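Written out below as structure tokens is the structure these notes cover.
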């Protein structure tokens, strides 16, 4: 195999065009086999193989800085930068990351996992280079989906204004996780589809691939191309922002990409945007046909589960509630399938809004809808809601608007690693006035909390984990839950276990283990982090000598913080022992493994409580 000879991009430069094409086929096969076994981002990586090879063929990494947006499409980059022998460990505990990780390789310059960061980071690299008097190229690779994010557009504005030597590669595959939406997507489609421009592109691309053409003709072709675009397009947006725009080019045509990249690298030292079009999922029949379903796939073990996921239960429950309440509207930030809102979109398309990768806009858009009498439900991953923190405070909670925030992927989220763990939401939402925060113990309680939230006249956040529910039977009706009311699941006397959300069932099982050891705990489903059930909790705290909190969230500021503060306010002289996640970023790994490592399964919870009780006796 050719890949066995590639230890670094320097080895890549020794290959012929035909060998590069053969290498691209080898890489696709490795990516497909690895992702089907380990899980990961399939469609996006299959779409960037040739683009990545051409980039590393022309630019001199790691001296030249290639800054990836999101980083989920960089598997080829990893394979040709010395990590091929470890690629089988992709997204596994202790293995290589599914994203860009500077601690992993000198070729990974900027840690990433969220969309829209590459242009700002690349501009920082470029300006630092200039101020230090250094000479190298900075290339940012961003997808058309990520380009819809506000941060990316802010960076485009600044890059053009500063007139910095920086190359932006726009990887246009017409998808982010789901098909792209908005005016930017329409604008890029206009660039791709103009018939006269497409004729011109076909002609010049054939010329560009001729290796005998010199730099002079290449430079002439680029100037001619730009002149023709100005005649064809009513509003060449990127040019107005201060970029020299070239494209669209076929992102799977290796000789063409090499010619374009070389020409621009050697001839230009200003802001340049190179527009390449790629096919998401190319090389895998099913992924090409339905790329959104193959954006990120689970491992083989994950595919065997039959119990419905929390995402499915939420999505179908919202459809039921949408039928009951015509004022309910649903909003997602480019993730209708991932959040379960695709069910609602199919049933109520006029009441469904996909705003693209624009979490800040999603929240304030919801605020406007709520202010005018509607009931918005904003479904978003826990890790991505962080991006709209100011909007939640300033535009929603300050006005106490009736918006339901549904936080999917809360807690440990397995193999995507530190950028995607949903372990901070209990902490960062708890400090905001007027916010109700709840976490269901199971999928049935999720349905009732959703019903309760939609009927609540203020901001209401519901968080739940990734993956299947616990398998309880779902009722065919909704029941309103009293705001702030906890639930005593098991009554005991020796120790008080206060658990929330995904930790309630493990706490109950831990209680069963303790009972077998002659220890009788009281187990409480706290359910509402805010407001707390103060009356019930005060009574329970006073009647137990040992208090344990259990949460799948960082200990700082979450359930432990809330209970410790309550005890202090009530002037109760008792100690609280926290079980939760430490003050660190949690690595990638299987959920069950990580819960074991961090003491969040029933066995480790029971073990910890036994240890605490033994220490108290001593």
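Cβ atoms here come from the backbone N, Cα and C positions, even for glycine.
Per Swiss-Prot, the features are:
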type	residues	note
BINDING	72, 113, 114, 115, 145, 146, 173, 284, 359	thiamine diphosphate binding site
BINDING	144, 173	Mg(2+) binding site
Measure from the CA atom of residue 144 (Mg(2+) binding site) to the CA atom of residue 114 (thiamine diphosphate binding site) and give the result in Å, rounded to a whole number.
14
In Å, rounded, how far does the Cα of residue 173 (thiamine diphosphate binding site) sit from the Cα of residue 144 (Mg(2+) binding site)?
7
Number of Cβ atoms other than its own within 10 Å, given for residue 145 (thiamine diphosphate binding site):
30
How many other Cβ atoms sit within 10 Å of the Cβ of residue 144 (Mg(2+) binding site)?
23
Per 10 Å Cβ neighbour count, which of the binding-site residues 72, 114 ranks highest?
72
Could you round the CA separation between residue 359 (thiamine diphosphate binding site) and residue 144 (Mg(2+) binding site) to a whole angstrom and send it over?
16
Quick check for the class: what is the C-alpha distance, in angstrom and rounded, between residue 144 (Mg(2+) binding site) and residue 72 (thiamine diphosphate binding site)?
14
Ranking the binding-site residues 173, 359 by other Cβ atoms within 10 Å, which is at the bottom?
173
